[in-house]
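S.K.: Quick one: this structure, given as structure tokens, is what I'll be asking you about.
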Amino acid sequence: MEQALRALRRGAARVVLGAGGHGPTRDICPPWGCRPLAAGPGPSPGAQLPAAASQGEAEAGGDARRPPRPRVGPDPRRQRGIEGCERGPRRAAGAGQEGWRWLGGEVPKARRRLEGLPVERTRGSEILFGIAPCAMALSQSRRDLFRLFLKEGAGAQRLVTSEFVLQASARGVPVHRVRRRELDALCRGRVHQGVCLEASPLRFKSLEEAEEPELGGEEGPNRQLVWLVLEQIQDPMNLGALLRSAYFLGVDRVVTSQRDSCPLTPTVSKASSGAMEVFDVYSTDDLRSFLKAKAAEGWEVLGTVSKPEEVENVPVISCSEFRWNKPIIIVIGNEGDGLSLETQLLCHRMLAIPPGRALHPGIESLNVSVATGILLHSICSQKLRQ
């Protein structure tokens, strides 16, 4: 018992010594965790003993009442204005590592360092992250651009960095070289690839802003056009993947419902690999009226379903059997519930993807972005052949 107490006291002494200014100090808690002491007269806030040591001394009936040793030298935590920290099992959002909760205002050191940059954060701006989204945003004129942040000492990315500097200079965008931890703070721990861009947000376009070339021209009503309509897609990763596939495979327009749908965020742009920066996305607040109007104009409305046996009153065919000779709209439903019943009843036909084997119960569907890519390839390849 006495040997265990001596070991714990030596560990406590080492912690106090390390925090007291006699050696390199880091914002790291001891293995047993730490908590701020109450304010008021007495020893420095950083001087504390581990809970296990205090408990052991109380049980031994000896030194439990002895005051803690005074700290020698300046208190680095007090100098930085931090009362203490608490380490917990939470993980930092998107960072994949153990999180830290700052009790003295909960402001990470990296974020405090960003406050010293020459220009303050522009009100209403957002932070794009990743090479492709930032490069596409710089090459277009769809956003207002405020600042470009590049990781200092890029090394292997020197060519990419120089291209970004040239693009930013051409647009008159200030460039700041910052450390990786500052970039992590800017994009909240997401994968930035050494590049962040402060810019104004992108908004959905209203259908009133859209041009209407669809049934004009020499081909008339037989012109092959395909629109993708999204009903309440809520996951930004799914929305970004959908936009990337739609852009790559030649979809003419993407329309999403305004209610309960994911907005056009930097995460969507990253998941789309920058396609969101060059591809207009429209929205409507009345999806059913929109589908009825397009059907009256001669468009064929195609729904999608993962379980054909659950569909009533609407014919279901395999996507490989579908042939088209008029403009079409493909309607994709929500990740969890699929198309609503009201939307299904507005469809002329439903498309399904036939599985390649007998499926185990519980693994009977595809991710919405993967399923949409398969459907679009099956349909758009007919357009390419003709």
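Just so you know, glycine gets a Cβ as well, placed from its N, Cα and C.
As listed in TrEMBL for this protein:
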- 39-58: compositional bias 'Low complexity' (COMPBIAS)
- 62-89: compositional bias 'Basic and acidic residues' (COMPBIAS)
- 127-205: domain 'RNA 2-O ribose methyltransferase substrate binding' (DOMAIN)
- 39-99: region 'Disordered' (REGION)
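Surface or core, plus neighbours and distances: that's what I need for these features.
M.R.: With DSSP states grouped into helix (H, G, I), strand (E, B) and coil, the domain 'RNA 2-O ribose methyltransferase substrate binding' (127-205) comes out at 33 helix, 20 strand, 26 coil.
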S.K.: Restricting attention to the domain 'RNA 2-O ribose methyltransferase substrate binding' (127-205), give the mean pLDDT.
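M.R.: Here the predicted model's pLDDT, averaged over the domain 'RNA 2-O ribose methyltransferase substrate binding' (127-205), is 88.
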